Amino acid sequence: MSTKYIFVTGGVVSSIGKGIVAASLGRLLKNRGLKVTIQKFDPYINIDPGTMSPYQHGEVFVTDDGAETDLDLGHYERFIDINLNKYSNVTTGKIYSEVLRKERRGEYLGATVQVIPHITDALKEKIKRAALTTDSDVIITEVGGTVGDIESLPFLEALRQMKADVGADNVMYIHTTLLPYLKAAGEMKTKPTQHSVKELRGLGIQPNMLVIRTEEPAGQGIKNKLAQFCDVAPEAVIESLDVEHLYQIPLNLQAQGMDQIVCDHLKLDAPAADMTEWSAMVDKVMNLKKQVKISLVGKYVELQDAYISVVEALKHSGYVNDVEVKINWVNANDVTAENVAELLSDADGIIVPGGFGQRGTEGKIQAIRYARENDVPMLGVCLGMQLTCIEFARHVLGLEGANSAELAPETKYPIIDIMRDQIDIEDMGGTLRLGLYPSKLKRGSKAAAAYHNQEVVQRRHRHRYEFNNAFREQFEAAGFVFSGVSPDNRLVEIVEIPENKFFVACQYHPELSSRPNRPEELYTAFVTAAVENSN
């Protein structure tokens, strides 16, 4: 069977849920027995989002092979339950840098390097490579931004050319748009969608399906009008209604026959998607009776997308505990020794997630100290693990001024120090310890119990600094347990205080491996401890 290509574009406004629509379709096709992969095209000129501010971009999602990618890849992995790779996120910066390197090496044999064919060919190669490396039946490609953005033009041209390259039966174009509702007039307006499709057709792409984002049901009359003016079949105008829970969306799209229309267009002979397990999960999510309160102490809390995988992992772990996780967003910049008890007193559990830079670190240390001294279940992640070690050094070991060499290079007690292989690296982007690495677990520890007594667990990392082994014996003598280390015992991966109900911190990012129907084990152990603490 020929590989099938589905391209998802957006119009009218950005942030209308293209990624969720693409991920939901991926889940439906996977549940039909098809092998699916998915990728995101981002038209910005950065090589990747690794050096972008979380306020600009939200979370950086790390793949198994160490690519720093768009947060939509997190949605893709959680919905479809697949592990993506570096070919799953492509930016303008990445494409141009590769083309320019080829030009410098003389690979274009003296030709004038142009957007067409060189940039568009490079984009098409990324699409085909993503399919080849995963041996997929179907590849879904989402293009970030909206039709009409000047940055998107080479991407859309590459998508247009794909139809001629692989055949019309192997390509489908899905266009997602906003259908605004004017409350004063009491009606929905189709004109923005019509203009968006007109713009897309002007670039040579005729959409085969429209997905309209609406607050209210559109009605068949609106769908017929859009079908007539946008030249798509009425049944191929699909609603994406606002929902209470994201995981309802695949079921809503299936109910409208979206996946069947896609299969018919692409001539895919696949059985109906069995969504029984997914439906049961959604039903459970919609009927959670109890709540558990988790305080998330972070520096980017004004933009919650900066912690989207953390939030989803907490929710997933709540599902298996039959509780709804209510998150109390605590700005680490506001936390002091004087107000920490007031800010965290009603927390059943406290999580201190990752981050970079000095700002907010002292507030996080106060939150960690509160959790340790008051025996509140606590999970530290990445920087949260490093600050857990610093807090213990200061307030238990009495090492006044203990800090990280990253945050205070002149500290007398560099509890956290730069990794040896990072010392001479000058570039910031793409140079961290990135991707999947193993952690060897200590028998009898809370970490080992969380992971069902596995000897080794593999999780994704994103860091440059590590625990300084010169202090390891001193910590252990005071009851601090290093419950996870690299197989060569050189790098500390997990720490804990066994006397507390749950006081565990890890250098890696467990949230990146969590799925709604298969929550990450360390998060689950943390939420379970928080539930027990609330009773």
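Numbering starts at 1 and runs along the chain as displayed.
Each residue, glycine too, has its Cβ placed from N, Cα and C.
Residues or ranges marked as region 'Amidoligase domain' in Swiss-Prot: 1-268. Per Swiss-Prot, the feature CTP binding site maps to Ser14, Asp149, Ile150, Glu151, Lys189, Thr190, Lys191, Pro192, Thr193, Gln194, Lys225; the stated evidence is sequence analysis. If you look up Swiss-Prot, you'll see Ser14, Lys189, Thr190, Lys191, Pro192, Thr193, Gln194, Lys225 marked as UTP binding site, on the strength of sequence analysis. Among the features that Swiss-Prot reports, ATP binding site is placed at Ser15, Ile16, Gly17, Lys18, Gly19, Ile20, Asp72. What Swiss-Prot records for Tyr55, Gly355, Leu383, Gly384, Met385, Gln386, Glu406, Arg464 is L-glutamine binding site. The Mg(2+) binding site feature in Swiss-Prot is assigned to Asp72, Glu142. Taken from Swiss-Prot, the feature domain 'Glutamine amidotransferase type-1' applies to 293-535, supported by sequence analysis. Under the heading active site, nucleophile, Swiss-Prot lists Cys382, citing sequence analysis as support. The feature active site is assigned by Swiss-Prot to His509, Glu511.
Annotated features, which come from Swiss-Prot, shown on the structure.
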residue : record                   : DSSP (3 states)
Ser15   : ATP binding site         : coil
Tyr55   : L-glutamine binding site : helix
Asp72   : ATP binding site         : helix
Ile150  : CTP binding site         : helix
Lys189  : CTP binding site         : coil
Gln386  : L-glutamine binding site : helix
Glu406  : L-glutamine binding site : coil
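Mean pLDDT of the predicted structure over the domain 'Glutamine amidotransferase type-1' (293-535): 94.
Within 10 Å of Lys225 (CTP binding site), counting C-alpha to C-alpha distances, fall the following of the recorded positions Ser15, Lys18, Thr190, Pro192, Leu383, Glu511: Thr190. For the binding-site residues given as Ile20, Met385, the lowest number of other CB atoms within 10 Å of the residue's CB is seen at Ile20.
Candidate binding-site residues: Ser14, Ile16, Ile20, Gln194. Nearest to Gly384 (L-glutamine binding site) by Cα distance: Ile20.
Distances between the Cα of Gly19 (ATP binding site) and those of the recorded positions Tyr55, Thr190, His509 are shortest for Tyr55. In this structure the C-alpha atoms belonging to Glu511 (active site) and Pro192 (UTP binding site) are separated by 38 Å. When the binding-site residues Ile16, Ile20, Gly355 are ranked by how far their Cα is from the Cα of Thr190 (UTP binding site), Ile16 comes first. Within 10 Å of the C-beta of Tyr55 (L-glutamine binding site) we count 11 further C-beta atoms, all protein chains included. According to DSSP, His509 (active site) sits in a coil region rather than a helix or strand.
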